[in-house]
Amino acid sequence: MVPPLALDIDGTLTTASGRLDARVFELLPDWDAPVVLATGKAFPYPVALAHFLGRAETVIAENGGVVHVDGETAILGDAEAPRAVVEAFRERGGDPGWGARDTVNRWRETEVALSLDADEALLREVAAAAGGDVEVVDTGYAYHVKSTGVSKGRGLERVGDALGIGPDEFVAIGDSENDVSTFAVAGESYAVANADGAAREAADIVVADSYMDGTAGVLADLRTRTE
């Protein structure tokens, strides 16, 4: 039997141009074990993807700030401190980088994401001045200002508890520093070749191929193992 999966989305299920790879719709709908979509994106994104895959809405959103499993949603992060940091960042001349119509954060409940064009040094300075309750995570796609201690890994532990599956039974695939906590609790972890240094160091295996090419290869190997 194939193992349950914990899958990042951006950089893992996508192409180099950021588009969702069509193979997602070939490989995941019939995966005969739970599939957890674990992302830094706002809650509606992984829910929508699960819906279009025809799978249960088992998701970890906002880097662990929101977890949805078995029809229950848990808010594990607190947006108050991250929003205060971003407001202070603005007051010091910083620009989050999304323009007036910020759909990146429109539905975000527990953190704030800023464009990679934002002033990272200033953002980290402001976040550090706020104390230890807030941290900045660079996913390679955005800077996420989030509650310290909230992580995808803790989200996966919560999902596992709800499903009666130990986190060490999951196979995790990802590409970024926000996947390190998932790799730490999963039984087996893979970084795709485009992964950043933190993810590569934390993963059990760094595969040769990038983006969905790498993920598809891992899934094929997992299927072969169970035949």
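Each Cβ is built from the backbone N, Cα and C atoms, and glycine gets one as well.
Here is what Swiss-Prot records for this protein:
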type: ACT_SITE; residues: Asp8; note: active site, nucleophile
type: BINDING; residues: Asp8, Asp10, Asp175, Asp179; note: Mg(2+) binding site
type: BINDING; residues: Lys152; note: substrate binding site
A correct count of other C-beta atoms within 10 Å of the C-beta of Asp10 (Mg(2+) binding site) gives 21
Cβ neighbour count within 10 Å, max among the recorded positions Asp8, Asp175, Asp179, goes to Asp179
Other C-beta atoms within 10 angstroms of the C-beta of Lys152 (substrate binding site) total 32
Rounded Cα distance, in Å, between Asp179 (Mg(2+) binding site) and Lys152 (substrate binding site) is 7
If you measure between the CA atoms of Asp10 (Mg(2+) binding site) and Lys152 (substrate binding site) and round to the nearest Å, you get 14
Taking the centre of the Cβ atoms of Asp8, Asp10, Asp175, Asp179 as the Mg(2+) site, the remaining residues of that chain with Cβ inside 8 Å are Ile9, Gly11, Thr12, Thr39, Gly40, Thr139, Gly140, Ile173, Gly174, Ser176, Asn178, Val192, Ala195, Ala199
